[in-house]
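Beneath this line is the structure, given in structure tokens, with notes to follow.
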């Protein structure tokens, strides 16, 4: 019996599920001939159905009095009377103005709206119903600006949120709806349109001048603020075309600050394109520029490309770099540094970004700041150095590594003495902005068991321990040669070495050398030296360039690289436009067999007196003369690394024949001097006295298991042969392009034989870095290892600088 009881209950529930008392149904009035008419209003009749014991509401069709629509069928008389009263007051304007209403589906929608939104006026209902003819009814027109509902919104608000442009036109043209009326949240129709999905609605609203376009809601947001917050790029575009103001202050600043806060790049770009001054606007709360609000590298890069001041300060004195470090945003930090942010800028309480980084336990960020010039012993307003901050905040393991690093410059871990305030007074003055720990001396730290021992010497290497104040003698009697290896993005290592030489000598690289030779990336840097570009600038350029050039898979598109070279050196600049120092770039002429080394020069080539190694071929086109050679094409030709980029015409990467151009440069100088003597200009010849060769870092040596290539007799031998062929191919390429080893030995021996000072500077890297490496962390670590190398070879650097500065 219990089973049958549960079955009956289940069937009853299912029946109730499908029996909706408010389901609209088309009926014949003849079916109600025996029913009593309880109420009657216009075309609506409330009938008591005796057979079903229900109260039915029937809408008599104006077109056919014999038929109608049952709007509900209720068992409670009280409920029936309430609903009948509601229907009778709301339905007449609809069936009186449009025959489209007289359909079951439309009536169902309309009656559901009436029940679900009892506070809505007939005009609100008409908007949701979406039948245009209804808006010509006098009663619907009369309620066009009504706010009598739970949200306090007008029918125009609903039309905008719905995105119905046709209904919007009806409301504005026939019903004279006002566009500046606000709802309970202070929002106008423009706010609602922004939250919709139809930009055309916003465009139609903007055709008529209205204060609602720039009205702030209860949260202080204009429609433009709201569009930026929601990332509605097209809405932002339409608002700006409708002359929405960009300079209205919201709770978080101008709309540009809102776009930056929510990382809406497209919206920010729209605003800046309309009003470029917005890029410098300051928010009211922090006095911060849009760059301070950048939360990722993409947003920061977008602003910086458009000329945003990278070192702009907030009301507290902090730069965007301070904020990025505080938020531990390494990608943002790298973008700011590569666009020239001052790594040593003093912000609130005199803190530099390095002070703030010490509390983040992010070694990569600390390395990046130091590599880009942050001083490790700069005290803040409380006299605290980064070392002191590290000793009080950082986690144990990282703290040990950081203190090991900073101890090498004699950083004081005690709370320092501030002029006019004793240590005890300053300690009792109150909590420090960073922490409120005791100012006691931390325990002595042993340097024997600390992690990251290689970090120890870096900071000291950056100190001007061997800076010499003497300047170059312009009438130097000997020539200096600088040779730069190839190596792709590892050219950053060369840049870091040159920065160290410039810092130690106090003289620009261009003024230290008379000859500069470069291959591939070294060729680009040679041209940068020729055109007086600072190495600090080139370091940032390289970090930015890699993301533009190394996109997709190899071989990479040549377009981005060529555009980069044109942008840096000019599209029409010729090699001979700048005469000093003399520069040569290596390239490989690949339109002949065997291939030949070609030098792109900014001077006339010496006349050859030796017999050519091959019989001249009249079918081969001669190289372009220096006076006609475009600088960017020379750089592109020298850097056309096979499998990385397609050849530049007939030129391949110079690294195929001279990845270390030292011997080729010395040969060129000798031939140039001999040519000068033959021409009777021997008085202009200067003896070469110093050769400086800079590498892009030595990869660690690893064992190779097999380079055997043979005809296999079984699957196992086939796999072994394939692996051996791969290793052999890699070895052949490495041998052809090896800038170290015997190439360095030969150059050093030659220099020693003729009495030339030879310096080979090439740091050992901890890992093999590819030519197209794009990871900021990997490249920063390579520069860090370069800084370690600089310190370890500081005596060699000191000797080099002394020789370079001597007459």
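Even glycines carry a Cβ here, placed using N, Cα and C.
Annotation note: residue 520 (active site, nucleophile) sits in a coil segment as assigned by DSSP. What Swiss-Prot lists as active site, nucleophile is 520.
Feature annotation from Swiss-Prot assigns domain 'PNPLA' to 482-666; the stated evidence is sequence analysis.
The phosphoserine feature in Swiss-Prot is assigned to 13.
If you look at the region 'Calmodulin-binding (IQ motif)' (749-760), the same-chain residues 6 or more away from its ends with a CB under 8 A from one of its CBs are 663, 666, 688-693, 695, 796, 800, 803. Under the heading region 'Calmodulin-binding (IQ motif)', Swiss-Prot lists 749-760, citing experimental evidence as support.
Counting same-chain residues at least six beyond the ends of the repeat 'ANK 1' (120-147), those with a Cβ under 8 angstroms from any Cβ of the stretch are 90, 92-94, 96-98, 100-101, 106, 109-110, 113-114, 153-156, 158-159, 162, 164, 166-167, 170-171, 174-178, 181, 183. What Swiss-Prot records for 120-147 (among others) is repeat 'ANK 1', and it gives similarity to another entry as the kind of evidence.
Taken from Swiss-Prot, the feature repeat 'ANK 1' applies to 151-181 (among others). If you look at the repeat 'ANK 1' (151-181), the same-chain residues 6 or more away from its ends with a CB under 8 A from one of its CBs are 121, 123-124, 126-128, 130, 132, 135-136, 140-141, 143-145, 187-190, 192-193, 195-198, 200-202, 204-205, 208, 210-212, 215.
The annotation repeat 'ANK 2' is assigned in Swiss-Prot to 185-215. On the 0 to 100 pLDDT scale, the model's mean across the repeat 'ANK 2' (185-215) is 88.
Sequence-remote contacts of a segment are chain residues at least 6 beyond its ends whose Cβ falls under 8 Å from one of its Cβ atoms, and for the repeat 'ANK 3' (219-248) they are 185-186, 188, 190-191, 193-195, 199, 202-203, 205-207, 213, 254-256, 258-259, 261-262, 264, 266-268, 270-271, 274-275, 278, 281. As annotated by Swiss-Prot, repeat 'ANK 3' applies to 219-248.
What Swiss-Prot records for 251-281 is repeat 'ANK 4', and it gives sequence analysis as the kind of evidence. Applying DSSP to the repeat 'ANK 4' (251-281) sorts its residues as follows: 22 helix, 1 strand, 8 coil.
Taken from Swiss-Prot, the feature repeat 'ANK 5' covers 286-312, and the record attributes it to sequence analysis. Here the repeat 'ANK 5' (286-312) has Cβ contacts under 8 Å with residues 253, 256-257, 259-261, 263, 265, 268-269, 272, 276, 278-280, 318-321, 323-324, 327, 329, 331-332, 334-336, 339-342, 345 of the same chain, all six or more residues outside its ends.
As annotated by Swiss-Prot, repeat 'ANK 6' applies to 316-345, with the evidence given as sequence analysis. Counting residue by residue with DSSP, the repeat 'ANK 6' (316-345) contains 16 helix, 0 strand, 14 coil.
If you look up Swiss-Prot, you'll see 349-378 marked as repeat 'ANK 7', on the strength of sequence analysis.
According to Swiss-Prot, the repeat 'ANK 9' annotation covers 382-403.
Residues or ranges marked as motif 'GXGXXG' in Swiss-Prot: 486-491. Sequence-distant contacts of the motif 'GXGXXG' (486-491), counting only residues of its own chain at least 6 positions beyond either end whose CB sits under 8 Å from a CB of the stretch, comprise 518-525, 542, 546, 550, 639, 641, 644, 653-655, 659, 695-697, 737, 739, 769-774, 779, 782.
Each residue in the motif 'GXGXXG' (486-491) gets a DSSP state, and the totals come to 4 helix, 0 strand, 2 coil.
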